[in-house]
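Everything below concerns the one structure shown next.
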Ligand code: 5GP
Ligand code: 5GP
């Protein structure tokens, strides 16, 4: 009888354990930030920038990354060093990546080092939902779909070095995408607050935009510059 009880116990454990692991791996993050950067604001700081080896990028927002996040504002990073960046898995995307995900860090590079960093720090934490090819393809799709520069220029907000109200910038992106963005500012060489990065939130299955469960911290002025590039 004891033996029977023990084996029933063991069998239930074997049956239950995998579902416990499945539950925890499906709760490994809650949503994504999709982050795009304005190249003019990366380049006009005291630190300056370097154009990629393929030449000066278009005067458009560029992708920074797709970042898994928790609802409490914290985030996982560098989740899997057994899955390094492998450019051969994204060879069909590279020409689009050069245009839409250009690197501006110095020294000049092709972009591979930036993409590798984003995949290894953030992408590896999203593998319960998307693989490496899907990570980059999803990001490219989101860039096209959100068309931030189109949203801003439609509202008369142009990268011309003038200042615009933070409210009008937020409002025009909300009107065009349907979702509230979070705006990150940095400072130009003279110390003026300017539009640097735009955060939009994406549901955990990476299928579309959502309202952000939580916003990052940080502050812009009420009026911020939109520098040219
Ligand atoms: P910074 O300290 O410049 O805001 O961020 C440096 C880097 O930390 C970012 O480029 C990004 O890789 C990571 N990071 C900062 N804030 C967040 C966040 O709220 N969520 C995630 N997933 N990563 C972040
Ligand atoms: P994160 O801030 O996402 O953790 O890391 C950004 C890293 O990518 C830094 O090491 C930065 O030097 C590098 N990087 C390369 N190109 C760019 C770029 O165009 N923009 C930003 N923000 N970082 C870049």
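Backbone N, Cα and C atoms are what each Cβ position is placed from, and that goes for glycine too.
Note: TrEMBL annotation is automatic and uncurated.
Feature annotations, reproduced from TrEMBL:
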SIGNAL    1-26  signal peptide
ACT_SITE  64  active site
ACT_SITE  118  active site
ACT_SITE  122  active site
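Here the CA atom of residue 64 (active site) lies 11 Å from the CA atom of residue 122 (active site). Scoring each of the active-site residues (64, 122) by how many neighbouring Cβ atoms lie within 10 Å, the top position goes to 122. On a Cα basis, residue 118 (active site) lies 8 Å away from residue 64 (active site). Taking Cβ-Cβ distances under 8 Å and a sequence gap of 6 or more within the same chain, the neighbours of residue 118 (active site) are 64, 65, 66. For the recorded site, residue 118 (active site), the DSSP three-state label reads helix.
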